[in-house]
């Protein structure tokens, strides 16, 4: 059981070629565009979900920040659908890879910060030195604020990676323990199986919550710089 503990996190390949790009593109199939005059229930639910996301995420933004609406909506739907698909058996979850999460976090964070330096230079620089700071603490505070600024994309990526990976590992361990206990102690195996079911439900919630938290933090970074 321990030998294959991290097997689900290995990037899948076919004939030596990685297929992670195909896996990343797969969630887009779940959100097709409709050309009908009257939408079905799936498209109606999709439109309701998009409107809800826009209302929750973009209400606090200025008109300049609302130009990122399509990016924010696409981000939360991509992360959420990818996390949910990763809970299916024998599937690969791209969001368990720190490299992929960094590739999402760094460009979005950098775009928001550069937008702030371009349009709100004085306000952006003021974050490095709070008003009323003693002169002796100015160099230290500037260093601390600079470090905290550059840590933001790393925190975004690590938070998403750690939460999704921890859930998958815990499900793998409890599932393996359930299989072992079936021949040793069926009552105990039944209890662990119930725990596994409850954990699976929890992981569905975590998958959606982590997508919401990641996108919300990006939205807040954008709000601070527009």
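Note: Cβ is positioned from N, Cα and C throughout, glycine not excepted.
In TrEMBL, the transmembrane segment annotation falls on 6-31 of the listed ranges 6-31, 32-57.
The stretch with the most CB contacts under 8 Å to the transmembrane segment (194-222), chosen from 67-86, 98-117, 137-158, 164-182, is 67-86. Counting same-chain residues at least six beyond the ends of the transmembrane segment (137-158), those with a Cβ under 8 angstroms from any Cβ of the stretch are 98, 101-102, 104-106, 108-110, 113, 127-130, 214, 217-218, 221.
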